Ligand SMILES: NC(=O)c1ccc[n+]([C@@H]2O[C@H](COP(=O)([O-])OP(=O)(O)OC[C@H]3O[C@@H](n4cnc5c(N)ncnc54)[C@H](O)[C@@H]3O)[C@@H](O)[C@H]2O)c1
Ligand SMILES: O=C(O)C[C@H](O)C(=O)O
């Protein structure tokens with residue numbers, strides 16, 4: 001399994017590190033436009049191999065796509081991150097051009113690859129990759145919901161005073177400060193609905209803290225987060241590499257599912273060797289349906305800013 005990660009910045013390098021530590025890929029190519037940057041990150045990471053006991057080979061490349069040839073999975077993290085006070089949507093002007101060019105370069109070298117889109121605004125960048133590459137929809141995956149769900153579980157565990165491993169939950173909808181839909185109704189602590197333990201008021205707080213998870217970290221760090229994003233991407237890559245058939249909420253092109261069409265937005269999918277193997281349609285409450293509808297309206301508005 002060969003994986004390419006474009007963008008050797010905070011998220012790309014973190015993603016490469018987690019993939020290597022999990023030791024399921026034979027090779028990870030890190031590519032960046034900044035001269036020598038990806039080579040430096042790759043060398044630094046390779047010098048952790050004996051300490052962290054992995055055999056994955058990590059190779060750096062300054063914009064030489066020939067090194068990415070024959071990749072099975074490619075991850076796009078290239079682009080600018082937001083600064084405190086910004087929304088992800090404000091990044092569209094710069095990131096759309098980068099994502100379009102990078103995806104076309106990647107496909108030229110790895111025509112059968114599965115693409116994972118990370119750059120923000122992620123749902124719109126995933127839509128852009130659909131519209132500009134014309135690849136089958138199972139091979140274009142937007143990463144947002146896996147991260148948002150991990151943050152949801154963190155906030156639920158905090159509210160419950162429970163270990164995170166005891167908690168399960170999922171966030172669907174757009175990967176934006178207002179568009180995320182944390183499904184508190186379905187969240188559980190060791191199979192018991194969390195609604196048995198937490199008041200509606202506390203659950204509302206959990207929901208709101210989850211939705212602004214990225215903004216909260218951006219304010220603290222001065223730029224957006226990378227550890228949990230990198231870990232979330234590595235989990236998706238592993239599900240594909242190891243044909244795990246795991247369910248993650250991912251941004252995928254909808255064709256009528258959840259009453260939505262011609263939009264990429266986060267819904268539960270089964271991830272395996274062919275990428276998105278199935279979109280899982282769950283019964284939503286009337287309130288949740290309304291949240292998803294509003295979330296989709298927000299994503300569509302951002303999609304409308306693309307020059308397609
Ligand atoms: N979807 C998510 O859940 C999620 C999570 C975290 C970050 N992000 C997004 O990921 C992106 C990267 O964030 P980061 O913190 O790693 O930023 P960063 O600035 O640390 O890294 C981005 C890297 O992309 C490189 N780059 C820019 N243009 C390029 C090009 N044309 N070709 C190759 N490389 C290029 C830059 O040189 C830089 O090293 C941002 O858009 C951010 O908003 C998304
Ligand atoms: O918040 C951001 O801008 C980055 C990313 O989308 C995140 O959720 O961490």
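Cβ coordinates are placed from backbone N, Cα and C, and glycine is handled just like the others.
Quick caveat, the model's predicted, so the values are computed rather than measured.
According to TrEMBL, the active site, proton acceptor annotation covers 175. There are 29 other CB atoms within 10 A of the CB of residue 175 (active site, proton acceptor), with all protein chains counted.
Marked as NAD(+) binding site by TrEMBL: 7, 8, 9, 10, 11, 12, 32, 95, 118, 119, 120. Sequence-distant neighbours of residue 7 (NAD(+) binding site) (same chain, six or more apart, CB under 8 Å from its CB) are 31, 32, 76, 77, 78, 79, 118, 119, listed in sequence order.
Look at TrEMBL and you will find 82, 88, 120, 151 tagged as substrate binding site. Contacts of residue 82 (substrate binding site) defined by a Cβ separation under 8 A and a same-chain sequence distance of 6+ are given as 88, 90, 91, 120, 218, 223, 224, in order along the sequence.
For the domain 'Lactate/malate dehydrogenase N-terminal' (1-142), DSSP puts the residue distribution at 68 helix, 28 strand, 46 coil. The feature domain 'Lactate/malate dehydrogenase N-terminal' is assigned by TrEMBL to 1-142.
Annotation source TrEMBL lists domain 'Lactate/malate dehydrogenase C-terminal' at 147-297.
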(request) Between the Cα atoms of residue 11 (NAD(+) binding site) and residue 151 (substrate binding site), find the distance and write it as a whole number of Å. (result) 16
(request) Determine, to the nearest whole angstrom, how far the Cα atom of residue 9 (NAD(+) binding site) is from the Cα atom of residue 151 (substrate binding site). (result) 22
(message) Considering each pair of residues in 82, 88, 120, 151, all listed as binding substrate, report the largest CA to CA distance in Å, no decimals.
(response) 19
(request) Measuring Cα to Cα, tell me the gap between residue 175 (active site, proton acceptor) and residue 151 (substrate binding site) in whole angstrom. (result) 12
(request) With the Cβ under 6 Å from ligand 2 as the test, give me the qualifying entries from the binding-site residues 32, 88, 120. (result) 88, 120
(message) Need the DSSP three-state call for residue 175 (active site, proton acceptor) to compare against my parser.
(response) coil
(request) Any same-chain residues 6+ apart from residue 151 (substrate binding site) with CB under 8 Å of its CB? Would you list them in sequence order, or say none? (result) 171, 210, 213, 228
